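Heads up: the structure comes next, in structure tokens.
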Amino acid sequence: MTDYLSGLNEPQRQAVTHGDGPLMIIAGAGSGKTRVLTYRIAYLIENGVDPFRILSLTFTNKAAGEMRQRIEKAVGYEARNIWMGTFHSVFAKILRIEARYLGYTSDFSIYDTDDSKSLLRSIIKEYKLDDKVYKVNVVFNRISGAKNRLVSADDYLNNALIQADDAAARMPEIGRIFKAYTMRCFQANAMDFDDLLFNTNILFRDFLEVLNKYQHKFKHVMVDEFQDTNVSQYLITRKLSAVHRNICVVGDDAQSIYAFRGANIENILNFEKDFPDVRTIKLEQNYRSTQTIVNTANSVIARNKAQLKKEVFTHNDEGTLIDVIKANSDNEEGRLIATAIFEEKMQQSLTNSHFAILYRTNAQSRAFEEALRKLGVKYRIVGGLSFYQRKEIKDLLAYLRFIVNQQDEEAFKRIINLPKRGIGDTTVAKIAVTAAEHNVSIWQVTGHIHQYVSGRSTTPIEQFATLIKSYMLLVEQGKDAYEMASHVAKTSGLLRELYEDKTVEGLSRYENIQELLNAIKEFVDNADNEDKTLSAFLQSVSLLTNADEPDDDGDTDRVTLMTIHSAKGLEFRNVYIVGMEEDLFPSQMMLESRQDLEEERRLFYVAITRAERKLTFSYAESRYQWGRLKMCEPSRFLLEVDQRYLNTSKTTRSLNERETSPSPMAFLKNMTPRSATSRPAASSAHVPSSDFKASDTSTLSEGQRVEHPKFGFGLVSQIDVNGTDRKAVVKFDTAGEKTLLLSFAKLRILE
DNA sequence: CTTCTTTACCTTTTT
DNA sequence: GGTAAAGAAG
């Protein structure tokens, strides 16, 4: 028996040593899931399974990398040979090998979401459809959703139900757009994120010899975060494991937070149908958190109806109560949290990396960044506008993409006039039309422009084509990714343009390009990467997840700021869940569009269970949104927590209200989220809210004096009309220079 | 064709 | 408030 097994509890040990046959592990939060998965792979290798024949699918590349390291510790360098990565990266790799079966070349481009939307925008325009009706985001989501259910463009068009749906939504042309989009991607030798999975399914469906090859190759298939896989992903793994039937899935239905992108909890139920001989093991003991945290999490998730039976418990100590912090504004919330972290760090002698601030949306990070910076606390932000989404980075990458794949329409559009060559939109459109008319590629037209078009702009176009050809020649001569990238940066004029820009942004862009070049150098120097071509680099870079961002320097002792979604799978000693306000968390959009409070609640559950020792909730009463102040109510989730576990004494600290304010507990109990009319009485010093009657504000105009139940008297300085949404900008006497944007309903006209 | 100005939309979450 | 598309002017 291997020695690492001794540290495991019984269900963990069973999961690790389970031999052949399907296995499902339902792993509660903090139950040592990663450990089990790691040991299980190590165990298989020790028992003679060839690492080459293990496929392990994880949620982020980083998770894969860490797991690989841990396995390496147990079984040695052989761990390098395991097929490990995200669904997208592993199947992109397979598609690259088998591209020709699908009519692609192995140099196919991967369109990110921006590319996809840009292409959709073009198509909607070309079809002369109203882009107010056909909103790119909506169209994109419809198409993406279809592909994740393995519905092709033709299926989509032939499906009466879907067509009726689209007609009802007054977007009957989505099917046609879908079809055109698919064709354009194919012509561009490009796949979007969904295509990587969709096309893998097609590959395995239509080319049995290919399916066979991989079915026999992978003796063991493991899927982590199984609750977040969609149908398309599930079918791939099911097919791959059909021969050996050694499929091991690990998941927790309580942590399913990606239904919005097609993840399907049903997969867990289907799994038992598809593999009737499955062995199911539940890991229910939490090793991560205090009893208070575990119990809090349980009290929250217990409200959900859709869930599997599971009893998460811990033998850890009770721990401290959960602090609840109330702030006047988002900025104050930032200051209070930053201060709390600073003090806690000093008192408990902790390091920055013990702390994480988790929020619902990326936009919330700003206030915390500012406050932490002022206190001199180092932090890192995961996600948000990632490095690879910055303009200058995408520009250089577009050059590289086009050099590798001249069919890449989106890359072409990006670089044809960058730096400025005097080639405008009209010319680009002319090229596109000409290409379509003659049924040739854009590159064919660009490369032989005089054959197709005559005009003044032919000279710069010829120069552009010559430039690209010179780059292509270098690739053929075997230059690696780094040599190519630095050569292109220098000779294309991109770097020069940024160098000449002496503004702060220009400087930072210049540095970003340098940083990208460093990253490429690292890629080339990394011995693990056998293929050092530009093409290989591009494939790897387009599938980085936002958890995969390189740390900007060696200083890893930083407070972590990120969305709850990004925090999945991580743990921190102290966790601050901030922005606990109705309409923010739970998100208004989620409630409106999908009416799915349960997924938001699972998200809350995930956030809570990230904490090991100490948890803090905070919310603000007002928040800047689109540059204007907006009033907020505490989240209903604060009421869903078993109140015994909360310490609300800190909610008073920030109150700049009168002595008459109620105790924080009373405040929490009285509040009724989502009903704007019944604010707690005591928060209005001027008018008890029960007496407050809004007057008819249809005649509200600038310069009028008004009264608000909470803020008292003020002067309307401006009327803000945004579509049907009319709001008043009111300057309040009490709030000093504060100007608030308020809906009419809460205002009473005086005089 | 470029540059400057105006307008609209935006904020869920991510591969 | 910040971006990106559209409009106006040179």
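Using N, Cα and C of the backbone, Cβ positions are placed for all residues, glycine too.
Automatic prediction, not curation, is the source of TrEMBL annotations.
Database features (TrEMBL):
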DOMAIN    A:6-290  domain 'UvrD-like helicase ATP-binding'
BINDING   A:A27, A:G28, A:A29, A:G30, A:S31, A:G32, A:K33, A:T34  ATP binding site
DOMAIN    A:291-569  domain 'UvrD-like helicase C-terminal'
REGION    A:650-703  region 'Disordered'
COMPBIAS  A:672-685  compositional bias 'Low complexity'
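Everything TrEMBL records as a feature, shown here on the structure.
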residue : record           : Cβ within 10 Å
A:A27   : ATP binding site : 29
A:G28   : ATP binding site : 25
A:A29   : ATP binding site : 25
A:G30   : ATP binding site : 23
A:S31   : ATP binding site : 25
A:G32   : ATP binding site : 22
A:K33   : ATP binding site : 22
A:T34   : ATP binding site : 17
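Other residues of the chain with a Cβ within 8 Å of the Cβ centroid of A:A27, A:G28, A:A29, A:G30, A:S31, A:G32, A:K33, A:T34, the ATP site, are A:V36, A:D252, A:L283, A:N286, A:Y287, A:R288.
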